[in-house]
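For reference, Swiss-Prot has these:
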REGION    1-44  region 'Disordered'
COMPBIAS  1-16  compositional bias 'Low complexity'
MOD_RES   LYS37  N6-(beta-hydroxybutyryl)lysine
MOD_RES   LYS55  N6-(beta-hydroxybutyryl)lysine
MOD_RES   LYS67  N6-(beta-hydroxybutyryl)lysine
MOD_RES   LYS88  N6-(beta-hydroxybutyryl)lysine
MOD_RES   LYS93  N6-(beta-hydroxybutyryl)lysine
REGION    98-226  region 'Disordered'
MOD_RES   LYS109  N6-(beta-hydroxybutyryl)lysine
COMPBIAS  122-133  compositional bias 'Basic residues'
COMPBIAS  140-161  compositional bias 'Basic residues'
COMPBIAS  169-187  compositional bias 'Basic residues'
COMPBIAS  194-226  compositional bias 'Basic residues'
Amino acid sequence: MSETAPAETATPAPVEKSPAKKKATKKAAGAGAAKRKATGPPVSELITKAVAASKERNGLSLAALKKALAAGGYDVEKNNSRIKLGLKSLVSKGTLVQTKGTGASGSFKLNKKAASGEAKPKAKKAGAAKAKKPAGATPKKAKKAAGAKKAVKKTPKKAKKPAAAGVKKVAKSPKKAKAAAKPKKATKSPAKPKAVKPKAAKPKAAKPKAAKPKAAKAKKAAAKKK
């Protein structure tokens, strides 16, 4: 009898990560670290706020500055070098004035001139932004005014119709005036009786003529008596 050897099970080879995936994971890790760093405000802003909040006449010392930053939740021990660099950069820019010591180991005070100069441009920008908003709002008012003008233009059409009706009524009124003028013909009729009166007076003038025969008869009677 021939013996059959058991078949060897093939073990899967370990899958190597592609270099593209490694780069992607590194980028993601770097982005996460950058986000963590960017979440908090920069050191320069924290330093300026701490110095501005101090009421010391001679300025805020480095030790007092570190205490103020630590009270605000900033890790002073890890970021000691950053604090020193931030102080030097702010002094070079003119934001802070060094009243004592040299370098980062001294007392620092806020430069009022620089602070006022920074505040003025911000105020100008805010004023310009406010001025732009009304400029954008004016066209709406102009549109409303234009709509009102259109409404005013439409109204005269309605006003014209009553005017035309008034003209028609005025045109009809002369007919009534003509009807009122007809009674003038009736006034002419009294003139006819005036012409008739002289005709009636003629018989009165004829009566004396009738008296003449009486006189003749009287003369004849007188002659007979003789």
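Yeah, the Cβs are placed from backbone N, Cα and C, and that goes for glycine too.
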CB contacts for LYS88 (N6-(beta-hydroxybutyryl)lysine) [other CB atoms within 10 A, all chains]: 14
Cα separation, LYS109 (N6-(beta-hydroxybutyryl)lysine) to LYS55 (N6-(beta-hydroxybutyryl)lysine) (Å, whole number): 10
LYS109 (N6-(beta-hydroxybutyryl)lysine) and LYS93 (N6-(beta-hydroxybutyryl)lysine), Cα-Cα, nearest whole angstrom: 13
Neighbour-count leader, CB within 10 A, modified residues: LYS55, LYS67, LYS93, LYS109: LYS109
Spatial separation of LYS67 (N6-(beta-hydroxybutyryl)lysine) from LYS109 (N6-(beta-hydroxybutyryl)lysine) - C-alpha basis, Å: 16
Reduced DSSP assignment, LYS55 (N6-(beta-hydroxybutyryl)lysine): coil
Cα-to-Cα gap, LYS88 (N6-(beta-hydroxybutyryl)lysine) vs LYS67 (N6-(beta-hydroxybutyryl)lysine), nearest whole Å: 18
In three-state DSSP terms, the structure that LYS67 (N6-(beta-hydroxybutyryl)lysine) belongs to: helix
